[in-house]
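Before any comments, here is the structure.
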Amino acid sequence: MMGTSPRKDPRITDIQDRCRTSIGDISFSIGGLLFAYHVGVAATLVQKGAIDTKKTHIAGASAGALIATAVSAGVLDKPGGDEILLAAARDVCEYCRNNGARGNLRAAVEPVYRNILPDDAHERFEGRCHVAVTLVADATRRVPRPFVPPRQILVSEFEDKNDVVNAVLASCHIPGYFDGQRLIREYRGSLVWDGGVTGSPKAFAPLPPSASGSNVLRPQLDVDAMSIDELDASLSWDDKDDETNGSVVVSCLPYAAALGRFGFDPQLAPGKFSKAPFSAASMLTFALGTPPMTDKQTRKLYESGAKDAEAWLATYGKARVL
């Protein structure tokens with residue numbers, strides 16, 4: 001009958017949904033002032049379609065929380081978004097060069113972060129962005145309990161932009177270093193500190209609660225140009241053999257295979273896919289701002305992150321990602 005569309009094969013709908021899926025979950029690690037590496041990785045993965053900022057669940061601790069919230073809020077969706085975040089990284093380093101890093105990181109980070117975060121960021125997240133903080137004492141107990149180890153929790157729902165900012169500042173609160181000499185910070189009535197400081201390397205990059213061990217980087221394919229059987233076959237590789245199985249973990253700390261023994265073996269890190277832009281010793285001092293990186297060094301770290309993301313996609317993407 002004229003004007004009547006044929007019934008759509010349900011297999012096509014299923015395949016289209018699978019084709020639109022990029023990385024299901026991604027986690028960004030702690031890293032202090034090495035934030036620029038995260039920017040390079042995230043910008044490349046967003047540009048290539050590997051991160052869908054409206055679907056991918058993104059978690060982060062400390063510096064990772066900064067990039068997780070910025071990406072989830074759509075900062076990288078607009079032209080020049082990567083340069084906005086790179087400029088933020090440079091501004092923080094410049095502040096620390098002029099004023100010192102120890103005790104001044106909050107003063108360096110907060111105004112820059114507030115400026116780049118959209119006012120409706122909390123609405124854009126829709127439960128897909130997860131900020132790690134380390135709980136030292138909950139609201140029922142105003143002092144830390146002896147012999148009870150701190151534990152990492154994820155904040156996934158936010159009331160407003162200010163609530164997002166406070167969560168991220170709590171996630172970045174390196175005890176005795178981030179904000180004067182304060183060891184702990186109050187957030188939502190509880191005492192907390194840096195989201196990656198629990199005593200375990202596993203906490204360096206928190207996994208989103210949605211992580212199921214079955215999220216892989218799916219190829220984005222031209223559904224109209226291929227038959228159903230061709231499309232289905234192209235999406236039928238064995239997930240168990242794929243590096244992207246489960247959450248993708250990104251570390252801006254220099255890669256050290258030995259950490260894998262303790263449960264922290266990121267897919268992306270400086271030195272894993274190419275020579276790290278700086279020595280491990282230099283990067284650790286840069287992370288704490290002793291000294292902070294120069295503008296040139298910050299861009300070099302950003303470019304290293306972008307290059308590593310390209311290499312990771314080429315190695316583990318399994319297909320062309322548009």
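Just so you know, glycine gets a Cβ as well, placed from its N, Cα and C.
Positions annotated as domain 'PNPLA' by TrEMBL: 26-208.
Residues in the motif 'GXSXG' (60-64) partition by DSSP class (helix H, G, I; strand E, B; coil) as 2 helix, 2 strand, 1 coil. Positions annotated as motif 'GXSXG' by TrEMBL: 60-64.
The feature active site, nucleophile is assigned by TrEMBL to SER62. Within the same chain, residues at least 6 positions away in sequence whose Cβ sits under 8 Å from that of SER62 (active site, nucleophile) are SER29, ILE30, GLY31, GLY32, ALA132, SER171, CYS172, ILE174, ASP194, GLY195, GLY196.
DSSP assigns ASP194 (active site, proton acceptor) to coil, not to a helix or a strand. Feature annotation from TrEMBL assigns active site, proton acceptor to ASP194.
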